Structures are given as C-alpha cells and as structure tokens.
C-alpha cells in the first residue's frame, strides 16, 4: 500500500517504465522529482553511484568513478531512476573530473533547491593519479550555508590508503 497520492507521482514517469531510453549524451532534462513528505525535519538522502563514467575532454579516454551525492531535501526530491539515467548520460560527455562534479551539483540545485547538498567523485587512477573532487552547497542565509563551510573544511580528514579507496 502506498502513502503517495497519484498527483504526487505525476512527474515520475521513468520508474517502472520497461521501455527506458538510455541517453549517451549529457541530458539534465531526464531528471524527475517528487514531493518531500517530511519537510518538518532535516534528514540526509545519500546516493552511492559506483559506475559513473565520463570522457577526458582532451584524449577521449574513459574516466571511471564512484560518485557520492548526499543532500538534505527541501520541498522536492530527485527520483532515483531518473538520477541513474542522468548520470549515465555523462558516458560520452567530455569534461574534467572537477567539472563533472560541479555540473552534477549545479543541476541538482537547480532541480530541487535543496537545503544542503554535496557531491564527491572518487575517480580511479589514470596515469598513476586519482582525483577526488568534492563540492558542496548550503542554502544562503541559513544554517546550511554554515554547515557547507564546515564540511568543506573537514570533508577529507583521512589520508588515502590502499584499503579506503
């Protein structure tokens, strides 16, 4: 039994759709939302996306990452299948790691207007170097703006070792 009213699910068209169209080029328009039924409290929603792929803008070589997206929702939330398809749309998108993470965060801010959001990409090494861009945002003029500043200063306090990648 669902606690969602049909009108709350009107914008959710991809979930349960067997004819899913996988887009291979950057496509923010696939993102869908649904209402947050718990706006009276703060809570984190975290997505772990271990199969993110994009292309190096210079060489066209594939880059692979696990992307972590954590956010405190405001009025609306991102639907997970649409997020999966959106992230998949980076498959043929050529951009640097840092750009991809900021694009994802900017698109999700525009889509949801969250109280707080952070996006962290842990890319596999290429040329012997791994790059782990982290970006975050707190709604200006709120406690979440302070939270973003604090988390930025303290986000990665543990040096990388072979067993925590």
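Each Cβ is built from the backbone N, Cα and C atoms, and glycine gets one as well.
Long-range Cβ proximity for residue 56 (active site, thioimide intermediate), meaning a same-chain Cβ under 8 A and a gap of 6 or more residues, is found for 62, 63, 94, 96, 126. Taken residue by residue with DSSP, residue 56 (active site, thioimide intermediate) is part of neither helix nor strand, so it is coil. What Swiss-Prot records for 56 is active site, thioimide intermediate.
The feature active site, proton donor is assigned by Swiss-Prot to 63. Residue 63 (active site, proton donor) falls within a strand when secondary structure is assigned with DSSP.
Feature annotation from Swiss-Prot assigns substrate binding site to 78, 79, 80, 97, 98; the stated evidence is sequence analysis. Cβ neighbours within 10 Å of residue 80 (substrate binding site), excluding its own Cβ and spanning all shown chains: 13.
Using a 10 Å radius centred on the Cβ of residue 97 (substrate binding site) and all shown protein chains, the other Cβ atoms total 20. In the three-state DSSP scheme, residue 79 (substrate binding site) is classed as coil. Here the binding residues for substrate are 78, 79, 80, 97, 98. Their largest Cα to Cα distance works out to 24 Å. In the three-state DSSP assignment, the secondary structure recorded for residue 98 (substrate binding site) is helix. Around the Cβ of residue 79 (substrate binding site), 20 further Cβ atoms fall within 10 Å across all displayed protein chains.
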